[in-house]
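Feature annotation from TrEMBL assigns transmembrane segment to 6-21, 28-46, 58-76, 88-105, 111-133, 145-166, 186-211. What TrEMBL records for 248-382 is domain 'GGDEF'.
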Amino acid sequence: MLTCFQMLLYASMWGLAWAVIGDERRAVGHWLVYALGLALGLALMSQRPDMNVWLTEIGANVALLLAFICAQRGMLAFLRLPERTGEMLVLVAVTLAGMIWLGPVPQPRGWIHPGYLVAAAVGWVVLSTTWRAHRTLRDQFGRTVARVVATTNGVIGLINWVRVVIALVAPQNIVPLHVPSALNMGLVYMTMAAAASFNFMFLFLIVLRLLRRLTTLVQRDALTGLLNRRAMEQLLDRAWSRWRRLAEPFTVVSVDLDHFKHINDTWGHQAGDEVLKAAAGQLVAHVREVDAVGRVGGEEFMAVLEACASGVSTVAAERLRQAVAAEAVQVEAGVSIAVTASVGVATVSPGDANVGEMLKRADAALYRAKREGRNRVCTSEGEAAP
Ligand SMILES: Nc1nc2c(ncn2[C@@H]2O[C@H](COP(=O)(O)OP(=O)(O)OP(=O)(O)O)[C@@H](O)[C@H]2O)c(=O)[nH]1
């Protein structure tokens, strides 16, 4: 009954989550049914041998099997993996047929008991799903999380298979689940611990995913996926601190697309958006991994080049200008347009009192590039040949 109460607590937790977390409703719905199904199955089992034997034997076992299937389908839904519906339907049909054929057996006679049929099926569902989900879990949440889930699920699956093995090799040790025995108590505690771990782990993963989404919303530009102005400012502050402490130079490259208003006016806003995305892709593809690229205004981008002194900064900026100019963007079927960009470069210098002064120098260089004919790189010290 204690385990049943624990499951009802999880059910209320998932019920609450279902009401407030829109994006993960499918997975959360599965876990709500899982906790309710487990609570129902355990409640029915605890009524043995007083209640109807079909309900407490077959009914309870069916509830448990469906509950575990829901738990695993929830995991697959959460990871956006196929939910194996056909496979599960076959499994339920075969197990149900087997249980009905065996009929309710209130006093287990060795392995001849519907409960062991269900235990074998549950073990398979849990372990095979864990196997399938492991790599995706590791890719999305890292090794540690994947290991914790594999261990938790592994324990749940193995508990079920161990029950079947004990029933097969030492049937004399088996006493009905509602009768307290060392084996049964061990099973109950292990099940409680594994269930707690499973439920809290996935609640934690939902929160983690929401946090990641929020971070992305706060730091990324929705159109291009690049860092936004706020994220670039934070990044510049960190680069500035490194410069002050370690004298590690860095360079700011301001990139502004030329005549972008004309592109919008001629081909429409959507075509303009495509041009912005293409330029963003080109910029990201042409900086080093340690560098960062952001969209800091309508058609204005910025690259922060780490550990980059003035000698190489012009070469890097020129590479970015050429990369934008090299990409013809398709704005209509059969119509591609060339886009150019003006670029201003400033490398941090001992004369800068703060990062703002450095940015002003980069902006001044950019305006000079515009004034002097566009599609060129200007540095804050002097113009570089395009
Ligand atoms: N499609 C699209 N256009 C945008 C977006 N943000 C800003 N713009 C447009 O970008 C244009 C910028 O125009 P201007 O500042 O005159 O710059 P420009 O036409 O590139 O001229 P120069 O910089 O002098 O070469 C404006 O028409 C804005 O409406 C956006 O997210 N999508």
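Glycine is no exception: its Cβ is also placed from the backbone N, Cα and C atoms.
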State the residues, same chain only, that lie 6 or more residues beyond the ends of the transmembrane segment (6-21) and have a CB under 8 A from a CB inside it; answer 'none' if no residue qualifies.
28-29, 31-32, 34-36, 38-39, 42, 192, 195-196, 199, 203, 206, 210
Look over the recorded stretches 28-46, 58-76, 88-105, 111-133, 145-166 and say which has the most C-beta pairs under 8 A to the transmembrane segment (186-211).
145-166
Sequence-remote contacts (6 or more beyond its ends) of the transmembrane segment (111-133), Cβ cut-off under 8 Å?
57-58, 61-62, 64-65, 68-69, 71-72, 75-76, 79, 81, 84, 88, 91, 95, 98-99, 102-105, 149-150, 153-154, 156-158, 160-161, 163-164, 167-168, 171, 177
Folded-back contacts onto the transmembrane segment (58-76), same chain, C-beta under 8 angstroms, at least six residues removed:
26-31, 33-38, 40-42, 44-45, 82-85, 88, 91-92, 95-96, 99-100, 104, 114-115, 117-118, 121-122, 125-126, 129, 132-133, 149, 156, 198, 202
Helix, strand and coil counts within the domain 'GGDEF' (248-382) (DSSP):
59 helix, 34 strand, 42 coil
What is the average pLDDT across the domain 'GGDEF' (248-382)?
93
